[in-house]
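Below you'll find the structure, written out as structure tokens, and then a few comments.
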Amino acid sequence: MAPRRRRGAGQDGSDDGRSDSDAPKNRPPNTAFRQQRMRAWQCVLTPKLIVTVFSILAAIYLGFGAWLTYLAHTVRDLKIDYTDCLTSAPKDDFETIPQNHITAHFSAKDSTFDPYKAQWKTTEREVQVANYTDNRQFCIVRFNIPEDLQPTISFFYYLENFYQNHRRYVNSFNAKQLLGDAVDGKTINDSTCDPITHDPKGTGKIVYPCGLVANSIFNDTFSSPLALAVRNSSDSSRPYNMTTKGIAWPGLKDLYGKTSYSLDQIVPPPNWERRYKYGYQENNPPPDLKTDELFQNWMMLAAAPNFYKLYQKNDTHPMLAGQYEIEIESNFDVTVYKGRKAFVITTLSTMGSRNIWPGIIFLIVGGICLVLDIYFILSFFIWRPRKLGDPSYLSWNQPSAPGGHSS
């Protein structure tokens, strides 16, 4: 007689009468990763490991901090604040600039070309702009370079207390308009360019480029430095030519294009009046933003209220020690927001212009790691050495514990 099969038993002897092929389809695969059987390692923080880690961190941070500090001190620079030039400097006669307006970092000292003995004066003359002349005020600054500066020589302008990171200011532009598209008036009016969207004179023309950022562009102009006297040379009145080409990041030009607007559709921003007194004309057309690197640098908004922006540079020729003169057309009013402005002539290191703070921060962190390292060495190996895993330190082995005993 054949054995009786249990009720509900399958052909494979399973209790539910189903084969492996009938298993639920949402069952995770039987792998170490999916079934959480991966091998694991847990770091045990032994005294030797802690001391080793802090020693390595201290060496890295102190070494890197010392290197950054050294690089910062190899940079040579001269910074002159010319905010008060038009109001304080005499007209047509040079006067010494107050020393608190000058900051210099040079390794050489030369009484003949002392960087803190800069001079300034103001002058006024007519300037030809397109098809008309305009009366402009200039600040002329004479400054000294006590040692030869090797290229690249960079010329920055510096603004203080100007908040480009304000929420409304940051968004005040139209990206499509900057790319060259002829964006219609309604779109501009509804965009974040408000309130700089249309001609304030009521003509209905579109402001190009619209927005607060473009309207507030830094519009002081600087000439290339003119060498008046060079050490060990009889040459005089020799220009040290600088260029505004190559001062912006290469990728920025992809964000801009030549405008598709016709001249009768657009007007310049209100603060551009000195450059476009009679608006955009055939002989004074709107700028080609794709090639205007000064504009591109200005549109790269600064995160802090005090910032530098590159204006011009010289990549090829050294700037010899001597006396130089620079002419500044001062148009950008910083007094309305209690700010300051200056220009900076500087060399560059591997890490860029002079900035001592990264090196200081690394040295501070490295110093903290070193102090902790010394503390752990003294604590674990000199003051109170103890054996790891000693059962006598367990709470129930302490004499004060109930039923405890000393081992």
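Using N, Cα and C of the backbone, Cβ positions are placed for all residues, glycine too.
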In Swiss-Prot, CYS193 sits in a disulfide bond; tell me which of CYS139, CYS210 is on the other end.
CYS210
Pick from CYS43, CYS139: which cysteine does Swiss-Prot list as forming a disulfide with CYS85?
CYS139
State the Cα to Cα distance, in Å, between ASN232 (N-linked glycosylation site) and ASN241 (N-linked glycosylation site), rounded to an integer.
20
Chain residues outside the transmembrane segment (49-69) and at least six past its termini with a C-beta under 8 angstroms from it:
43, 351, 356, 358-367, 369-370, 372-373, 376-377, 380
ASN314 (N-linked glycosylation site) in three-state DSSP notation:
strand
Which one is it, among the recorded positions ASN131, CYS193, ASN219, ASN314, that lies nearest to CYS139 (disulfide bond) by Cα separation?
ASN219
Spatial neighbours of CYS85 (disulfide bond) among the recorded positions ASN131, ASN189, CYS193, ASN219, ASN241 [C-alpha, 10 Å]:
none
Restricting to the topological domain 'Extracellular' (70-359), report the mean pLDDT as a whole number.
94
From ASN131, ASN189, ASN219, ASN314, the glycosylation sites whose CA lies within 10 Å of that of ASN241 (N-linked glycosylation site):
ASN314
